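J.: Pasting a structure below so you can have a look.
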There are 2 protein chains.
Amino acid sequence: MKLLEERIVQDGRVLSEGVLKVDQFLNHQIDPALMQAMGEDFANYFEQKGITKVITIEASGIAPAVFTGLSLDVPVVVAKKNVGITMTDELAAADVYSFTKQQNYTISVSKSVLSKNDTVLIIDDFLANGQAALGLMSICQQLGAAVAGIGIVIEKSFQTGRSLLEEQGADIYSLARIRSLENRQVEFVEENLSQH
Amino acid sequence: MKLLEERIVQDGRVLSEGVLKVDQFLNHQIDPALMQAMGEDFANYFEQKGITKVITIEASGIAPAVFTGLSLDVPVVVAKKNVGITMTDELAAADVYSFTKQQNYTISVSKSVLSKNDTVLIIDDFLANGQAALGLMSICQQLGAAVAGIGIVIEKSFQTGRSLLEEQGADIYSLARIRSLENRQVEFVEENLSQH
C-alpha cells in the first residue's frame, strides 16, 4: 500500500535493526484517515472470503481492525490482555510469548462472541515473530471458528513470522513488507512496491 | 443518542447496581457502524470548538475516539498504560486511581504528540468517578494544551464523575446518561431521552 509505505518513510524512525518506531501515526498517535484507507484495503483483499468477524488484540490492533470491520460490515472482537470484571462469560485463552518483553502474556476471548459458525479475519499492526497471530489462531481453533486470513499493517519480512503462519496454511496480506532496517534505512520488499 | 440507548437496553446486562456489561458491542466485541455513528455525534457536538487533537486511553476508548477523529479530521492520541520500547521521547504522565481495581495506574503521553498549540477533545467509553478524564486533563495541562471538552459514550450519572469534571470547567457531552442500574434495570436520565 503506497500511502502507508510513504508514511513510514516520512514519519517512521528506525531505532535499531529490529525496531521501527511508528508512534506518530499508528500506535501512540493515530491518523484516522490512514486507518480508514487501510481498512478498505484489507476489506477489498478479503471480501470474497465470507468473513463474519474481524479479530485483533488490544491495543494497537484496534484502530485498523474497526475500520476493516466497518468496510466488511462485520463485528470486531478484541482479544483482551487484561480481563475486566464484566467478562463473566466462559473464556478461551492462549499464551503469547513476547520476544520484545521476553515474557508470556495471556489473551482471552469470551465464548459468547465467537463460535463454529464464524469465519474470522485476524488483523494486527505488526508481524514479526508471529506469536500474537498464532495465539489468535489458537483461540479461533478452540472455539471452532475458521480463520480465513491474516491482515497485517507492517510486516518485518526479515523475521520468522510469515513462514510460521504460512506453515499453518494462513493467507497473509500485509500492507507494507519491510525487507530490512539495516543502517537505519527502511527497505521494502520489492514485490510490494510493484503491486500497490 | 437514541441508537446507543436502544442498544444498551437490547444487549447490555446489569451485573450489579454499579456495573453495566456492554461487551457485546462496545468493549470486547465492537460494532463498527455504531462507533461510526457515535464518532459523528461527538464531532457534531464539538465541531465549533476548534479541536486539533482527540485524546483517549487505551484500550476501550480507541474505537469511539478514532471515528471522532475521522469526523473532525484530526489525529487521535492514545494515552498508554503500558509504555512500549518505541516510546523514546520525553513523556508526560499522570496517575489514575481505579475504583474497580482499587489501585493506581499510570498513563503516559509523549511530548512529541501534544503541545500548547493544541485544543483537545477527550473521548472515553465510560464516565463513573471521573479519574481517567482527570488524568487526561492533567496531562493536557502539563503540556500546555487546552481541553475543549469531554465526550463520553456511557455516563453513570449516579456516580461523582460529572460533578468533579464540571468543577474543573469541563464541557461534558455524554451519548447515554444512566440515572440508575437498580433492580437490574437500566434507567436513563430523562433529558437525554428528549434531546436525542
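Including glycine, each Cβ sits where the backbone N, Cα and C put it.
Copying in the features that TrEMBL gives for the protein in this structure:
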type	residues	note
BINDING	B:L20, B:N27, B:K156	xanthine binding site
BINDING	B:A128, B:N129, B:G130, B:Q131, B:A132	5-phospho-alpha-D-ribose 1-diphosphate binding site
DOMAIN	B:32-160	domain 'Phosphoribosyltransferase'
J.: Could you tell me which of the binding-site residues B:N27, B:A128, B:A132, B:K156 sit with their CB under 8 A from some CB of chain A, listed in sequence order (or 'none')?
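T.: So the ones by chain A are B:N27.
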J.: What is the set of residues, excluding B:A128, B:N129, B:G130, B:Q131, B:A132, whose C-beta falls within 8 angstroms of the centroid of the C-beta atoms at the 5-phospho-alpha-D-ribose 1-diphosphate site?
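T.: Everything else in range on the chain: B:V96, B:F99, B:L127, B:A133, B:L134, B:Q159, B:G161, B:L164.
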J.: At the Cα level, what's the spacing in Å between B:K156 (xanthine binding site) and B:Q131 (5-phospho-alpha-D-ribose 1-diphosphate binding site), rounded?
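T.: About 13 Å separate the Cα atoms of these two residues.
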J.: So what pLDDT does the domain 'Phosphoribosyltransferase' (B:32-160) average out to?
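T.: Taking every residue in the domain 'Phosphoribosyltransferase' (B:32-160) and averaging pLDDT yields 96.
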J.: Determine, to the nearest whole angstrom, how far the Cα atom of B:N129 (5-phospho-alpha-D-ribose 1-diphosphate binding site) is from the Cα atom of B:L20 (xanthine binding site).
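T.: Taking the Cα atoms only, B:N129 (5-phospho-alpha-D-ribose 1-diphosphate binding site) lies 14 Å from B:L20 (xanthine binding site).
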J.: Given B:Q131 (5-phospho-alpha-D-ribose 1-diphosphate binding site) and B:L20 (xanthine binding site), what distance in Å do their CA atoms have, once rounded to a whole number?
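T.: Answer for this pair: 18 Å between alpha carbons.
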J.: Counting all other Cβ atoms within 10 Å across every protein chain shown, which of the binding-site residues B:L20, B:A128, B:A132 scores highest?
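T.: Of B:L20, B:A128, B:A132, the one with the most crowded Cβ is B:A132.
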J.: Using the alpha carbons only, what distance in Å do you get between B:A132 (5-phospho-alpha-D-ribose 1-diphosphate binding site) and B:N27 (xanthine binding site) once rounded?
T.: 16
J.: Looking at Cβ-Cβ distances, which residues of the chain lie under 8 angstroms from B:N27 (xanthine binding site) while being 6 or more apart from it?
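T.: Non-local contacts for B:N27 (xanthine binding site): B:S60, B:D125.
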J.: Does DSSP give B:Q131 (5-phospho-alpha-D-ribose 1-diphosphate binding site) helix, strand or coil?
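T.: In the DSSP reduction, B:Q131 (5-phospho-alpha-D-ribose 1-diphosphate binding site) maps to helix.
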J.: May I ask for the distance between B:L20 (xanthine binding site) and B:G130 (5-phospho-alpha-D-ribose 1-diphosphate binding site), taken between their Cα atoms and rounded to an integer number of Å?
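T.: Rounded to the nearest whole number, the Cα-Cα distance is 16 Å.
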J.: Enter the number of other CB atoms within 10 angstroms of the CB of B:N129 (5-phospho-alpha-D-ribose 1-diphosphate binding site).
T.: 18
J.: If one looks at the chain holding B:G130 (5-phospho-alpha-D-ribose 1-diphosphate binding site), which residues at least 6 apart in sequence have a CB under 8 angstroms from its CB?
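T.: Long-range Cβ contacts: B:T160, B:G161, B:R162, B:L164, B:L165.
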J.: Which three-state DSSP class does B:N27 (xanthine binding site) fall into?
T.: coil
